[in-house]
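Colleague: First the structure, then my questions, so here it is.
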Amino acid sequence: MRFGLNIDHIVTLREIRKTYEPEILEALFIAKNTHKVDLITIHLREDRRHIQNEDVLKLLEISPLPINIECSINAEITDFLCSLKNKPSKVTIVPENRNEVTTEGGLDCSLKGLGEVIRAYHNKGIEVSLFIDPLKDALHFAREHQVKQVEFHTGVYANLHNALYSNANNQIHAISVLKDKSPKELKEELHNAFLQLRRMSKEAFFMGITACAGHGLNYTNVKELLKIPSLRELNIGHSVVSKAVLVGLEKAILEMAQLIKR
């Protein structure tokens, strides 16, 4: 299983104070020196709430690890990434809503202009991945547009797992719709969410598409996904950075790597 480390929220700390620390390149090399991280993931959002254009340029120039850039189909961002001298190893196209706290679901593959943006990246020799819900129609769209990799949105699975097996339902930001469900209901929905991820990962494999996954994954809920043999990559960020605040980034990375690289 490949481990993609999302370092957006290291930059969030910097941007909260509009200062120079923490330094994104220091985080990059801490990750690299663990020898456990396979790629670095960043999300270049339209509102630039964390990652900035300058961060993209620095990482692509210096990084010894592959860089996966998440972004919307915004024309300005597409033009910027297509114009780069140093290319990312892949671009993952994600949905984006400026009012969201974090990405809320998979891409709507009927989105106007999506096919054109995919072609623009392909024409520049940049691999494209699509951040999608684990649905067959989305996989067929990927295949029709010569997309060789997808990332399944694991938010539904992760939230259900957290509600059932952690203290999430007793916290200030508990998800109200899950808080009102019984343990039996949560277990059934979690089982179905896992089965759907497993089915669609297998479907992707038979379609010649590499299946990755990410969103809301943490040190508790990630373990079950290791039972899906056709899942090749996990992208994880917030939980690692959250633990890093308490134990340090190197230790946080190593603890996660120990779980997913058995």
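For all residues, glycine too, the Cβ spot is worked out from N, Cα and C.
Annotation source Swiss-Prot lists 3-amino-2-oxopropyl phosphate binding site at Asn6, Arg17, Gly216, Gly237, His238. The feature 1-deoxy-D-xylulose 5-phosphate binding site is assigned by Swiss-Prot to Asp8, His9, Arg45, His50, Thr102, with sequence analysis given as support. Among the features that Swiss-Prot reports, active site, proton acceptor is placed at His43, Glu70. Annotated site 'Transition state stabilizer' per Swiss-Prot: Glu151, in sequence order. Feature annotation from Swiss-Prot assigns active site, proton donor to His215; the stated evidence is sequence analysis.
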Colleague: If you measure C-alpha to C-alpha, which of His9, Arg45, His50, Glu151, Gly237 (recorded positions) come within 10 angstroms of Glu70 (active site, proton acceptor)?
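Modeller: Close recorded positions: Arg45.
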Colleague: Select one residue from Asp8, Glu70, Glu151: among these recorded positions, choose the one with the most other Cβ atoms within 10 Å of its Cβ.
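Modeller: Going through Asp8, Glu70, Glu151 one by one, the largest Cβ count within 10 Å is at Glu151.
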Colleague: When you measure from the Cβ of the residue listed as 'active site, proton donor', how many other Cβ atoms are you left with inside 10 Å?
Modeller: 25
Colleague: Would you identify the secondary structure of Asn6 (3-amino-2-oxopropyl phosphate binding site) according to DSSP, in three states?
Modeller: strand
Colleague: Express the distance between the Cα positions of Gly216 (3-amino-2-oxopropyl phosphate binding site) and His9 (1-deoxy-D-xylulose 5-phosphate binding site) as a whole number of Å.
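Modeller: So the Cα of His9 (1-deoxy-D-xylulose 5-phosphate binding site) lies 13 Å away from that of Gly216 (3-amino-2-oxopropyl phosphate binding site).
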Colleague: Given the recorded positions Asn6, His43, Glu151, tell me which ones have a C-alpha lying within 10 Å of the C-alpha of His50 (1-deoxy-D-xylulose 5-phosphate binding site).
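Modeller: Checking Cα-Cα distances against His50 (1-deoxy-D-xylulose 5-phosphate binding site), the recorded positions within 10 Å turn out to be His43.
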Colleague: Rounded to an integer, what is the Cα-Cα distance in Å between Arg45 (1-deoxy-D-xylulose 5-phosphate binding site) and Gly237 (3-amino-2-oxopropyl phosphate binding site)?
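Modeller: Cα-Cα distance, Arg45 (1-deoxy-D-xylulose 5-phosphate binding site) to Gly237 (3-amino-2-oxopropyl phosphate binding site): 15 Å.
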Colleague: May I ask for the distance between Asn6 (3-amino-2-oxopropyl phosphate binding site) and His43 (active site, proton acceptor), taken between their Cα atoms and rounded to an integer number of Å?
Modeller: 8
Colleague: Round to a whole number and give the Cα-to-Cα distance in Å for the pair Glu151 (site 'Transition state stabilizer') and His238 (3-amino-2-oxopropyl phosphate binding site).
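Modeller: Cα-Cα distance, Glu151 (site 'Transition state stabilizer') to His238 (3-amino-2-oxopropyl phosphate binding site): 17 Å.
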Colleague: Fill in the CA-CA distance, Gly237 (3-amino-2-oxopropyl phosphate binding site) to Asp8 (1-deoxy-D-xylulose 5-phosphate binding site), as an integer in Å.
Modeller: 7
Colleague: Can you tell me which recorded positions out of Asp8, His9, His43, His215 are within 10 A of His238 (3-amino-2-oxopropyl phosphate binding site) by Cα, answering none if there aren't any?
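Modeller: Matched recorded positions: Asp8, His9, His215, sequence order.
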Colleague: Nearest of the recorded positions to His9 (1-deoxy-D-xylulose 5-phosphate binding site) by CA-CA distance, picking from Arg17, His43, His215?
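Modeller: Out of the listed candidates, the nearest Cα belongs to His43.
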